[in-house]
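Engineer: Quick one: the structure is below, questions incoming.
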Amino acid sequence: MTDKTPSIHGEWSSRFAFILAATGSAVGLGNIWKFPYITGQNGGGAFVMVYLLCVAAIGIPIMIAEIMLGRRGRQSPINTMQTLAAEAQVDPRWGYLGWMGMIAGFLILAYYSVIAGWSMAYIFKAFFGSFFGTDGAEVKQMFDNLMASPIQQIFWHTVFMAITMQVVMRGIKGGLEKAVRFLMPALFVILIILVAYAMASGSYAQGIHFLFSPDFSKITADAVLTAMGHAFFTLSLGMGAIMVYGSYLPGHVSIAKTTFFIAGADTAVALLAGIAIFPLVFANNLEVAVGPGLIFQTLPLAFGHMSGGWLFGVLFFVLLFFAALTSSISLIEPAVAWLVENKNIDRQKACVWSGTACWGLGVAVVFSFNVWSGFKIFDKNLFELLDYLTANLMLPLGGLCIAVFAGWMMKQAHAEQELELPAQGFQAWQFLIKYVAPAAVFLVFLHVLGVL
Ligand code: TRP
């Protein structure tokens with residue numbers, strides 16, 4: 001295998017196309033929905049700092065490694081890892097890493113699609129003017145009503161999953177590249193408008209204080225784990241999504257530069273979302289730790305009171321839907337690529353099978369918000385359990401394996417050849433990937449287990 005071998009699934013038409021798709025995968029519900037609500041649940045500033053540190057010291061080096069492995073292996077993550085293990089003459093069981101990733105992507109998509117469904121439901125609420133002149137209690141009621149209705153949630157979840165599978169069926173180039181090109185900048189603009197509104201809302205200083213002044217006494221072992229897990233989740237790392245996208249990357253594209261761009265854009269979107277939301281939370285005397293409903297209980301207040309709010313409201317939820325779509329595609333792509341390579345079935349069938357199974361699990365997730373909300377394991381409902389298992393455990397574990405493989409198993413001459421970095425840059429990456437990233441993940445795991 002050399003980096004000039006093209007992938008059987010097609011290739012990105014350019015470096016720019018890859019950047020768009022990978023940024024589309026990274027920027028999603030994780031940035032706009034999840035980051036604010038977990039920041040609220042974990043006390044603010046200190047949590048945000050740990051998260052930013054994890055992105056810089058763990059996320060960026062692992063993203064470079066994951067893209068590199070994908071481009072060198074040129075197949076679905078499972079087959080890529082097997083090929084690369086053979087090339088490095090190490091245990092073929094490294095292929096299991098691909099398996100874990102495929103399963104993680106599948107489990108994430110099951111709940112991701114449900115939340116994306118909420119965003120779709122809110123497009124229509126915005127369109128029909130439901131936000132006009134509302135107060136905190138009314139928007140909360142609106143959200144609670146959606147939560148209480150399995151039918152509505154299943155309807156939107158079904159629509160979202162059907163659209164995702166439709167896009168995945170068309171293959172990697174059709175539509176996806178073009179869509180992200182316009183949608184990302186538009187999302188940026190609307191977030192900036194929301195930030196401007198938040199600045200005028202009166203509680204801006206309080207919101208900024210909450211987000212950026214760290215109070216480390218508030219941080220627990222579990223908060224550190226959540227922050228680290230979120231660094232993986234938001235960058236789409238640790239399960240082969242970025243690996244599979246990397247496998248469609250033409251040779252001789254600078255992986256490091258590309259990574260900096262993606263991580264920068266992703267972080268910027270998350271921080272903007274936080275800066276837009278928390279001032280609203282304080283201005284309206286809302287609770288910071290309400291959980292997954294946070295954006296749905298705050299942003300409608302802004303849209304309901306600002307001038308042009310109807311238009312911005314509709315646009316915002318449409319863009320959130322597209323941001324979710326470009327992410328969900330990457331969650332299922334490893335499974336689809338593997339089915340096509342190994343089970344000898346065509347792309348369409350692979351999509352129908354994997355999509356249907358994922359949809360079924362998503363229906364159970366919907367029930368965890370209402371009829372099964374009392375059903376808990378380890379004090380977590382199904383949604384919380386899936387989220388914890390994937391984001392906090394499977395992704396960091398996958399990332400740890402990727403770091404160990406890239407830093408210790410693979411021939412370093414091969415890594416050098418793929419990355420084409422100046423000597424100092426390569427050494428810095430090597431240090432992070434060999435020592436810092438694996439040690440950090442390991443220590444956080446030990447800390448959570450109470451060993452440390
Ligand atoms: N990064 C996306 C977000 O923040 C979610 C996502 C897409 C993802 N693909 C992934 C998370 C792969 C983990 C792994 O919304």
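For all residues, glycine too, the Cβ spot is worked out from N, Cα and C.
Note that the coordinates shown come from a computational prediction; the quantities given were computed from them, not determined experimentally.
So TrEMBL has the following annotated:
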TRANSMEM  12-33  transmembrane segment
TRANSMEM  45-69  transmembrane segment
TRANSMEM  103-124  transmembrane segment
TRANSMEM  154-172  transmembrane segment
TRANSMEM  184-205  transmembrane segment
TRANSMEM  225-248  transmembrane segment
TRANSMEM  260-282  transmembrane segment
TRANSMEM  310-340  transmembrane segment
TRANSMEM  352-373  transmembrane segment
TRANSMEM  393-410  transmembrane segment
TRANSMEM  431-450  transmembrane segment
Engineer: Can you name the far-off residues of the same chain, 6+ from the ends of the transmembrane segment (184-205), with a Cβ under 8 Å from a Cβ of it?
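Structural biologist: Sequence-distant neighbours of the transmembrane segment (184-205): 20, 23-24, 27, 265, 268-269, 272-273, 275-283, 299, 302, 306, 312, 315-316, 319-320, 322-323.
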Engineer: Verify whether three or more Cβ pairs under 8 angstroms connect the transmembrane segment (45-69) with the transmembrane segment (103-124), leaving out any pair fewer than 6 apart in sequence.
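Structural biologist: No, the stretches stay apart by this measure.
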Engineer: Out of 12-33, 45-69, 154-172, 260-282, 393-410, which stretch touches the transmembrane segment (352-373) the most, going by CB pairs under 8 Å?
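Structural biologist: Most Cβ pairs under 8 Å with the transmembrane segment (352-373) come from 154-172.
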Engineer: Sort out the residues at least 6 away from either end of the transmembrane segment (45-69), same chain, that have Cβ-Cβ distances under 8 Å to it, and list them.
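Structural biologist: Answer is 22, 35, 38-39, 80-81, 84, 209-216, 218-219, 223-224, 226-228, 230-232, 234-235, 237-238, 240, 242-243, 245-246, 249, 255-256, 258-260, 262-263, 267, 274, 399, 402-403, 405-407, 410, 415, 418-419, 429, 432-433, 436-437, 440-441.
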Engineer: Any residues 6+ beyond the ends of the transmembrane segment (225-248) with a Cβ under 8 Å from its own?
Structural biologist: 7, 9-12, 18, 21-22, 25-26, 30-31, 34-35, 38, 42, 47, 50-51, 54-55, 58-59, 62-63, 66-71, 73-77, 80, 97-98, 100-102, 104-105, 108, 172, 255, 262-263, 266, 270, 327, 330-331, 333-334, 337, 390-399, 402, 440-441, 444-445, 447-448
Engineer: Report the listed stretch (12-33, 393-410, 431-450) having the maximum count of Cβ pairs within less than 8 Å of the transmembrane segment (260-282).
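Structural biologist: So the stretch in question is 12-33.
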Engineer: If we call contact 3 or more Cβ pairs under 8 Å (sequence gap 6 or more), are the transmembrane segment (310-340) and the transmembrane segment (12-33) touching?
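Structural biologist: Yes; at least 3 Cβ pairs under 8 Å.
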Engineer: Can you tell me which parts of the same chain pack against the transmembrane segment (431-450), counting only residues 6+ beyond its ends and a CB-CB cutoff under 8 A?
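Structural biologist: Same-chain contacts beyond the flanks: 54, 57-58, 60-62, 64-65, 221-222, 224-225, 228, 396-397, 399-400, 403-404, 406-408.
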Engineer: May I ask for the residues of the chain that lie six or more residues beyond the transmembrane segment (393-410) and have a Cβ under 8 Å from a Cβ within it?
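Structural biologist: Cβ under 8 Å, 6 or more out: 58, 61-62, 65-66, 68-69, 81, 84-85, 87-88, 90, 94, 97, 100-101, 103-104, 107, 225, 228-229, 232-233, 237-240, 243, 430, 433-434, 437-438, 441-442, 444-445.
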